[in-house]
Amino acid sequence: MESALTARDRVGVQDFVLLENYTSEAAFIENLRKRFKENLIYTYIGSVLVSVNPYKDLEIYTKNHMERYRGVNFYEVSPHIYAVADNSYRSMRTERKDQCILISGESGAGKTEASKKILQYYAITCPASEQVQTIKDRLLQSNPVLEAFGNAKTLRNDNSSRFGKYMDVQFDFKGAPVGGHIINYLLEKSRVVHQNHGERNFHIFYQMIEGGEEDLLRRMGLERNPQQYQYLVKGNCPKVSSINDRSDWKMVRKALSVIGFNEDDVEELLNIIASVLHLGNVQYGGEEGNACITSDTQIKYLSRVRCRTMPGAGGLMSPLNLEQASSARDALSKAVYGRTFTWLVNKINASLAYKLHLVDIYNVFQHNSFEQFCINYCNEKLQQLFIELTLKSEQEEYEAEGITWEPVQYFNNKIICDLVEEKFKGIISILDEECLRPGDASDITFLEKLEDTVGGHAHFVTHKLADAKTRKVMGRDEFRLLHYAGEVNYNVNGFLDKNNDLLFRNLKEVMCMSENKILNQCFDREELSDKKRPDTAATQFKASLAKLMEILMSKEPSYVRCIKPNDSKQAARFDEVLVRHQVKYLGLMENLRVRRAGFAYRRRYEVFLQRYKSLCPDTWPNWQGKLADGVATLVKHLGYKPEEYKLGRSKIFIRFPKTLFSTEDALETRKHGLATKLQAGWRGYSQKSKYLKLRTAAIAIQAWWRGVLARRRAQRRRKAADTIRRFIKGFIYRHKDRCPENEYFLDYVRYSFLMKLHRNLPKSVLDKSWPTPPAALTEASEHLRKLCMQNMVWSYCKKISPEWKHQLEQKMIASEIFKDKKDNYPQSVPKLFVSTRLNGEDINPKVLQALGSEKMKYAVSVTKYDRKGYKARPRQLLLTGNSAVIIEEAKLKQRIDYGALKGISVSSLSDGLFVLHVPSDDNKQKGDVVLQSDHVIETLTKIAICADKVNSININQGSIKFTLGQGKEGIIDFTPGSELLVAKAKNGHLSVTAPRLNSR
């Protein structure tokens, strides 16, 4: 707890005892508000737990949280419902004394949830066997059953407990829960027949109608519509958004099974619940003073309760008027439901039968009537008990520690308790007397008798006795009590009827004759034979409360005070006015004042010394002497003044919170210096340890690695020596057939050749280099060389493009025709052939028009030599798909079809002349054509390809004969010379002199 004090400005203090201004209600509420804002819903007042309903799920109830609080000192961890539960459990086991946990607060403050959390904590953390697990399950499952039959939606709470509950959980010597017992107080039976606007009847009615199976509803005669039943429509609230009646119905049916109800029990129980709804729908008619039932349908279903007739029954018949009949009906409904609820609690007790105790008291009504009077009376008694037990525990602790007890001044509410319960003169006695006296007794006569009897009491006021100012806020039918928590007005209307709570004898007789086993047990025949008038409701409640006080006085108490932060059930909303009212109503300021009357803080010596020993050089790091001496040395060093503290036998008592706060602040400052010193020491130690570990590891690794290296070197030397010996022996036997002596050498030679070959393979198809193989690999080497060449060729061919392939094909044809035959062929090899030497602009458009659809494949400029005189004339040679065409500017001078082309002649020298031979008998042709081209190799290759005349090209040496026309013949003489000359010789031949470029 002390560790949270450093954040007290933001989240407040965890214990109100540590509030500096503990008498200020504003400071008290501000501390609650701070903690509520930070989702810290639990705060202590000493050992009392104050719980604020968060109206949302908080992740603070997990199994891990349970383990955190299990077996831990109460103040070692932050406030929690689990801390209270665990502290009571451990006290029960260690001190062997019964414990009780008293849970109180307004409706919607979270009392029921608090009791659930306590039971869940015990179910999870206590030892368990198979039998114990069954009891745990039944304890937990009793909650949904009791909530279904005893809880209802009110204006302030959607799941408000409408009865008081005392649950006794029994543990064995091992600390395992082995049984339980529940006592119920003051069920709000009037809710069965009437609800305020915006409220509902008990949950079970809506759960059965909404979730019940169709067959069940048919057997019970019910419709799946709560608006059909008079007892369910008065609050005009059949459905609630936060309640799932269908899901809850399944949970209740499962819980009944776990608790031990058989199918017959459940059937009869639900039959009674249905009968209450049918009773509410019974209608009356008839003449004045003589009412009769007019609704046959309800009587039909009510008959299923199976009542027997009483033969020979006699007596005085007393007719009822309509109002009396309706009241009798409602009284029967309330009695049936109330007694059935008591039977249900007893049935649950039987299943739990084989000490820690939970007490949950419900409240508050919108209009203060008889029920609220009883509840506030109970709260007065509990407050009286709380003050007495708190002062008693404080005084016992002081005496045990040898500290002088200083009497505490507090408001003793015994005067209020006496006003209510005193014999003959108390309000309950006066109420009973008015109910029992003959004559016309009414609520108003009861009020008048109160004025006559207790009118002079300082804590009692009525409209008649009040001053003018008070009369303005009080009705004439009200009286006011000044409770410890404030003034409360009570309306006396209905006090006598509710206190009498009587049922007509003949209705009891009918219930006793029922064949329903539950009703038979609820309405005992001995009750009819008892001539004594039963106790009134107030007297029964007073007796029950006295018994409860007796039980609680024999226990060690723990307290849970529940507060709701707002009326709208909204998360994170804190209504200060509402909270202030509850703080006053619960007497929390009085609790705090009593707790703070002496010392605000107390701790055992070992705990105090262990936490704060670092603040004194003499106690740090360890104190070797007595604990009391160590604490005395510590507080002296801290400068505590004598009036600020006392030293007991085993504890230190600190009077003022500011003394503890200054000590805690000094510790927080000291922590930084200690943390730095500890960090430095730890870093030095950890680094040194790490260095020593690394050094040891490094030495071990070095030694191991040196051994590895030495072994590897020795192994390499042995292997090298073996290799050298085998190599030498193999060299000696290298010329012999393969044998063990030379196989290593031969393999090495082969391996060396293959590796050399691998490193020196030819890089291209033109690279003819190849390593010389050893004799044994000659044949294999040749195969490898061929494979390598094939692979390079294949790779080369795979990489060439279609254009380059076409180029190579032309070059291959040119090579086939001219290689080693014509002098200027080698010069043409590195020059690429082009697709044409003339483009569209070089050829006259009329020529192109004349060609028509014929596609031109190649065009080149040539020189034509006339047949007469051999005069040179410039021409263009065009190759199409069908013919070779000779063009003179815009004229087609001659067309030679490829089919008519007999052959082509060319010299072996470096000149560019060639002759196209045509048939002499072709009238279209004038004779063979003599042409000269600067690109003779390219031109003739193109003609050979287009005309398919590769084999028709003749390469001549010396001279070429050609036809001039009309049967005449011409000759071209070729002679080698220094330069190219073309002229007509004296002998009439065409003389061509061309330089020789290559010698063949």
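The backbone N, Cα and C atoms fix where each Cβ goes, and this holds for glycine too.
TrEMBL assigns the feature region 'Actin-binding' to residues 545-567, out of the candidate ranges 315-337, 407-429, 545-567, 591-613. Mean pLDDT for the domain 'TH1' (822-996) in the predicted structure: 89. Of all Cβ atoms in the shown protein chains, 21 besides its own fall within 10 Å of the Cβ of Ser107 (ATP binding site). Sequence-distant neighbours of Gly110 (ATP binding site) (same chain, six or more apart, CB under 8 Å from its CB) are Ser51, Asn53, Cys562, Lys564, listed in sequence order.
Surrounding the centroid of the Cβ atoms of Gly105, Glu106, Ser107, Gly108, Ala109, Gly110, Lys111, Thr112, where the record places ATP, the chain contributes additional residues within 8 Å, namely Asn53, Asn157, Ser160, Cys562, Lys564. For Ala109 (ATP binding site), the same-chain residues 6+ apart in sequence whose C-beta sits under 8 angstroms from its C-beta are Ser51, Asn53, Cys562, Ile563, Lys564, Gln582.
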